[in-house]
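Shown next, in structure tokens, is the structure this report addresses.
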Amino acid sequence: MRIPFIAGNWKMFKTGREVVTFAEDFKKLYQDTDVRTAVCAPYVYLGLLKNLFSGTKIKVGAQNAFYEDEGAFTGEVSVKMLEDLGVDYCIIGHSERRQYFGETDEIVNKKLKRLLAGPITPILCVGENLQQREKEEQYLVVRDQLIWALSGITPQQAAKIVIAYEPVWAIGTGKTATPQQAEDMCEFIRNAVEALYGEEVADQVVIQYGGSVKPANATDIMDMPNIDGALVGGASLNASDFMEIIDF
Ligand SMILES: O=C(CO)COP(=O)(O)O
């Protein structure tokens, strides 16, 4: 039985004051639900959010991490540092990192391996862009991203990974994939995991959809059998919108 998992990805938004306001509002709204919930915030706010959410079931995630534990890597933050802070989740391979920061499948694989060596749960993002969808290459693209990212990962490790399907053309555009389009890809992802690791692992892996998820479309998306959760960008910045999605 897979537990639904809704995570917010704040991207590069909010000031410290806005973070405190969000946390205060969200804690008031947050009902003790069975839905796993996390907020993935910029690094500088992770410690603050750990404190603000302590004593609640709300988890905290990072949006990236570097695979080396320490060294002369100016500007980077290691998985080890996030572990030390008690961070629960870490997004890796987000399309914005692939697009703007040259993150390759090989780098994503190294980050995934380092995360899986410790307690932080990785949220691995995959998804095709508009051009690839128009050429009907989306399944090939996602299959390749998965095979690369999961190279050298054991079945026990794979079962722990959260996979987020985020079609790039639906991110921040207001264009959501239809629930059926999202389901078709999430089913494809689960079948790909089964081909690599067997049925037991495929049954355990939590698969999220991400791309313009809003209170108005969350129920239809979450109703799909292979979609176990959502990775929410814009709508997670507002405490009541985010709560409405969690209450799908
Ligand atoms: O990229 C996303 C989450 O990681 C989706 O962002 P939006 O929900 O703003 O489209």
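Every residue gets a Cβ built from N, Cα and C, even glycine.
TrEMBL does not curate its annotations; it predicts them automatically.
Keep in mind it's a predicted model, so treat the numbers as computed, not measured.
Here TrEMBL has Asn9, Trp10, Lys11, Gly172, Gly233, Gly234 binding substrate, and the candidate from Ser54, Ser151, Ser212 in that same listed site is Ser212. Each of Ile171, Val232, Ala235, Ser236, Leu237 belongs to the same chain as Asn9, Trp10, Lys11, Gly172, Ser212, Gly233, Gly234, is absent from that list, and has a C-beta within 8 angstroms of the C-beta centroid marking the substrate site. Under 6 Å, Cβ to nearest atom of ligand 1: this is the test, and of the binding-site residues Trp10, Lys11, Gly233 it is passed by Gly233.
Here the CA atom of Glu166 (active site, proton acceptor) lies 15 Å from the CA atom of Trp10 (substrate binding site). If you take the Cα of Glu166 (active site, proton acceptor) and the Cα of Gly233 (substrate binding site), they are about 11 angstrom apart, rounded to a whole number.
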